[in-house]
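Shown next, in structure tokens, is the structure this report addresses.
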Amino acid sequence: MAECHPVGYQWVMEARQRGAKVFHIDPRFSRTSATVDRYLQIRAGSDLVLTGALINYVLSNELDFREYVLAYTNAATIVSEDFRDTEDLDGLFSGYDPETGRYDTASWAYEGDTGQTDEMSEGDQRHAEAAGSDSYGARGAGSTATPPQDPTLSHPRCVYQILRRHFARYTPERVAELCGIAPEQFAELAEAITANSGRERTTAWVYSVGWTQHSVGVQYIRSAAILQLLLGNMGRPGGGIMALRGHASIQGSTDIPTLFNLLPGYISMPHAHRHDGLDDYLKREGGDTGWWGNRRAYMVSLLKAWWGDSATEDNDFRFDYLPRLTGDHGHYATVMGQIDGTVKGYFVVGENPAVGSANGKAQRLGLANLDWLVVRDLMVIETASFWKDAPELETGELSTEEIGTEVFFMPAASHVEKDGTFTNTQRLLQWREKAVDPPDDCRSDLWFYYHLGKRIRQRLGAGQVDPTDRPLMELTWDYPEEGEHRDPSAAAVLREIGGVDAEGRPLGSLRELKPDGSTSCGCWIYCGVYADDVNQAARRKPRGEQGPVAPEWGWAWPANRRILYNRASADPEGRPWSERKKYVYWDAEAGRWTGPDVPDFEEDKPPSYRPPEGAKAQDAIAGTDPFIMQSDGKGWLYVPSGLADGPLPAHYEPHESPIRNTMYGRQSNPARRTVDRPENPYNPALSPRFPYVFTTSRVTEHHTAGAMSRTLPYLAELQPAAFCEVSPELAEQVGLENGGWATVVTSRTAIELRVLVTNRVRSLRLGDTTVHQIVMPYHWGYGGGGLVTGDVVNDLSPVVLDPNVYIQESKAGTCDVLPGRRPRGAALRALIERYRDG
Amino acid sequence: MDETPTRRMGFFTDTSVCIGCKACEVACKEWNDVPDDGFVFRATSYDNTGALGADTWRHVAFIEQDGRWLMSSDVCKHCTNAACLDVCPTGALFRTEFDTVVVQSDICNGCGYCVPACPYGVIDRRERDGRAWKCTMCYDRLRGGLEPACAKACPTTSIQFGPLDELRERAQERVERLHAEGRTDARLYGESPDDGVGGTGAFFLLLDEPETYGLPPDPVVTTRDLGEMWRWAGVAAFGLAGAVAACFLRRS
Amino acid sequence: MRGRKGTVAGGWLSRWPVIRQLQGEDGRREAARSARTDALRPRVEEADSVARSVCPYCAVGCGQLVYVKDGKVTQIEGDPDSPISRGRLCPKGSASKQLVTHTGRQTHVLYRRPYGTEWERLDLETAMDMIADRVVRTRRETWEQTHEGKEVRRTLGIASLGGATLDNEENYLMKKLYTALGAIQVENQARI
């Protein structure tokens, strides 16, 4: 956090000075490690052994916050008798199909929930390919508002007992053996987090999104969620799980997704084999209890925002205008489509996959096989210039004269040359005022897409409109234009996103959204961002003039709520758990929820509320159920549906690991997605040719793939070379010199890096084996207008994906390390071939 | 000139909360338009700018010890008895109304006397223009009531700016608190008016010996008889008057 | 430099530090001050406007104040009012002015024709028309009305990557346009 989010880290430093104890767990000793109370070095890819052991510590010592756990989680819920755990099947959950490598999740359901599961299971395999956990898990598919429960937690099939059995093998000894963390270090951590949780205190978990870049990435975060729920740290001040995201609006680009499987507000893109009409889609998209029960209103309002008057009840609000998914259409599938020639045209907008994505060579081979490519950026990044400077030109795998890709480089406006909102990592929308006009041909992406859309519509609207073009011709695309460049008004776009009623007046909150087409809203979770016809994201009441929650600075989704699920900050009766941790609570006299934040509950729903039979949506959520997006209102310790690789986290080794998985008879995540193609060869697991573990990282001085940092003198001079960090032991073993060069080899390629020999990296003793880890920041590239250049670290990484969200495993792999610089040209290819052939 | 006497202003750099982010180095350069210092991988922990110099006015040192990684942002000390100022023959160096020591780039003739005079090796001539450069404590910002760019940017308030007497009190409390927490290595550097430079306007809380951070343990001002020095310097500078005058005319 | 002319008119020689020092003023204080020094003020005071902005690097969302003089950005620094950042910035945030003003930034459209060996310049309007033509053509050529017997109404011929550094409004128009086009391979850094 100190390394990549230094200004956010001021709050951690301040908390420390006020007595907070901070632990840092990371394969790499970073600036964060240097400034905390305890640093625990962990082997990259072994995190679940540690979090599992913490869960086991809580459960076996009964240190859970029992009142919270009983009332607010699904600990008491009873699971289907068909369910089999990894304990029963040596590392597999029930439902695994070895042929496809996929799970049928039916047996993971709650007892009595088979009806919904059957409904889900049609097309389930295909759907699992097209959708991640966020697209249907959380909305309660396969679950009802009132599954059977055992409040004594003694039923052998209740979630609590399943958890106890599942995590029993996660012991401090396993932590020592697989993570390299000594038992006394583990004990200190376990004691600290449990002592610091409960009525009076809360513990926060913070991760940076490297945690997602594993073939078990989703389950890493699940394990933190289980721990935080058991300790009662969710929905409470000072608690929670904080994802520190790395780009200014990466949260916004998930909320209003440029992601294949989602529509704005985490609504699923429809799937050809699952969904027919709108009714069918809505029925199959999950249960109808909890706030997702209103999804017809969310979806219809979106369709109205896009197709306006053309969208009517009679035509399903133009639901058929949405294109259909049939599988994984994610980033890496797209790249393989480029190599195969199915993807012809590609827009790359403020991203640099030739440097930033795993297996850079595959990325560049894809780019080289396009008909046309449009790159929009501040700099001529490697993704734009690959045809004249890609490393494959030197090795002879590509030749400029044979690359047919037509490339348009379109210079972008910077953040001060356009107005608009970023959504930060806390879901906070902040409006930026435009300071100056962009220079020369530079334009905002808003300008580009608006005017591109206009031009396309002009071309298609010239004669008789083809039926396939109607979605474009009927699209609402009439934003006010401003200034000499005729920029579309960003405020008008935000107003559309925030939603309006039938008269065009901005909506105040998402509760006003209607399923009948009388409201339109471009993103239901952002509904209200333009309440009272005021740009709420532009609010800037100084911090000194409001309390620490600062509700009048910007606007947080949903409903300007700063802590999600804050109903959990009060006990079941609605009283604060303690005076010290008072936040949102029930004011019985006024008959309302109150506190410094917007209550995550209907203001007047009393704690005593119990849903009547057959209640829908939020009416089905009891006054004691804080997790209002879930169909049962509970925090899910056990996930009955929605995940592709199991209802509980289990430790599997990375796809490329030098260590045998001693937890189970399964080496790696059985449901992980591999891309078995010649462009993407893998290092065999346990291979002596690739004995070292590598992990990639960032450093403070640079930003992601480097276009916004290695091009600036003031940042480039601070970290002017691609480098690797190695321990003195490894340096001696391999023959590396501080300040010299190292060549790092995987089955994909070999790259050269400057060497930093440091005691901060330690070789890990795991039982009788020693594992050497090598750390590589990934910010450099071969061109891109960089004042400093270097080999592309991500060229080393394989494409192997988490099965829920298709994120690549780039934070834990294996490699070999050689002293000196890498071979050039054909000799480089020969070296890699020798490694591959063994 | 409307100089109003103010309290002596200074920096207190508390290295115990430094996270080594180098925001100070960049914020300084952005405000003062300082050129880059070259692109050299030094293999010295995370330090690639090396030391304070003409093109680096804040410098973050990284010291790797067993289990500990010390970081510290160094800067011109703005000495009470500043030898650089004493030896400057042109009056380019002067003491401001904030009791800080500033080089006036429009007067500096690049003679370089100040460079060896500094007991900390801070002030430095820039190869590109020959003149001497160093931290001004953002003199222009101070004149507008703003804090220096480095102190403003510092994410963890490792760099604190304010009236020197207040900073010294705050630093004393901080050291005592660290000692009470068992961090007995904590010590102040440069805060004492009794040291060899009469105390510094920019002082530090360190967690190890000054030498560990590349700081001289016992700096001594290289000049003593100030009045005598000044008569000397004035005469010396007079000889340059013609050349400098021509320069003024050309610029205006 | 503001003030220099006036000073020169008022007699630069009498104000030249060396002269004043010889006249007996303390050569290390008032006497040493040049006219330029006397005129120094923080340049942000001269700004024509100040925009309230947000740092474009990581997702913390630090407040920035962007000072503009004569249509140019003259300074970017932290916004002290921000409850997130309290006026502070990291090295990247502190380098924001360089990010938007540095000379290496590419501000013109560049075009590489198929099999070409060099960049060429292209007029912005022409480039926009050419891109629109290519979208229309590729969409037509790769249109998929049905897939395995099911209606899909889409093209797999056009894909997009990017969004995490863009504004919400921009992502919104992108997704809206691509969806209407039938382009589904729309992705960004959030999956990487």
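Glycine residues also receive a Cβ, built from the backbone N, Cα and C atoms like all the rest.
TrEMBL names B:Cys135, B:Cys138, B:Cys150 as [4Fe-4S] cluster 2 ligands; from the candidate set B:Cys28, B:Cys79, B:Cys84, the record adds B:Cys28 to that same site. Binding of [4Fe-4S] cluster 3 is attributed by TrEMBL to B:Cys76, B:Cys79, B:Cys84, and within the candidate set B:Cys21, B:Cys24, B:Cys118 the record adds B:Cys118 to that site. Sequence-distant contacts of B:Cys108 ([4Fe-4S] cluster 4 binding site), defined by Cβ-Cβ distance under 8 angstroms and a gap of at least six in the same chain, are B:Thr90, B:Ala92, B:Leu93, B:Arg131, B:Ala132. Among the binding-site residues B:Cys21, B:Cys79, B:Cys114, B:Cys154, the ones with a Cβ under 8 Å from a Cβ of chain C are B:Cys21, B:Cys154. Comparing B:Cys21 ([4Fe-4S] cluster 1 binding site) with B:Cys114 ([4Fe-4S] cluster 4 binding site), their Cα atoms are 30 Å apart once rounded. With helix defined as DSSP H, G or I and strand as E or B, the domain '4Fe-4S ferredoxin-type' (B:9-37) counts 13 helix, 6 strand, 10 coil. According to DSSP, the domain '4Fe-4S ferredoxin-type' (B:99-128) comprises 4 helix, 5 strand, 21 coil.
Secondary structure of the domain '4Fe-4S ferredoxin-type' (B:67-98), assigned with DSSP and counted as helix (H, G, I), strand (E, B) and coil, comes to 5 helix, 12 strand, 15 coil. Proximity to chain A (Cβ-Cβ under 8 A) holds for none of the binding-site residues B:Cys108, B:Cys111, B:Cys114. Annotation for B:Cys18 ([4Fe-4S] cluster 1 binding site): spatial neighbours B:Val60, B:Met71, B:Ser72, B:Ser73, B:Thr156, B:Ser158, criterion Cβ-Cβ under 8 Å with sequence separation of six or more. Ranked by how many other Cβ atoms sit within 10 Å of their Cβ, the binding-site residues B:Cys24, B:Cys84 place B:Cys84 at the bottom.
Looking only at the binding-site residues B:Cys24, B:Cys111, B:Cys114, B:Cys154, the one with its C-alpha closest to B:Cys84 ([4Fe-4S] cluster 3 binding site) is B:Cys114.
Using Cα positions, the member of the binding-site residues B:Cys24, B:Cys88, B:Cys111, B:Cys154 nearest to B:Cys118 ([4Fe-4S] cluster 3 binding site) is identified as B:Cys88.
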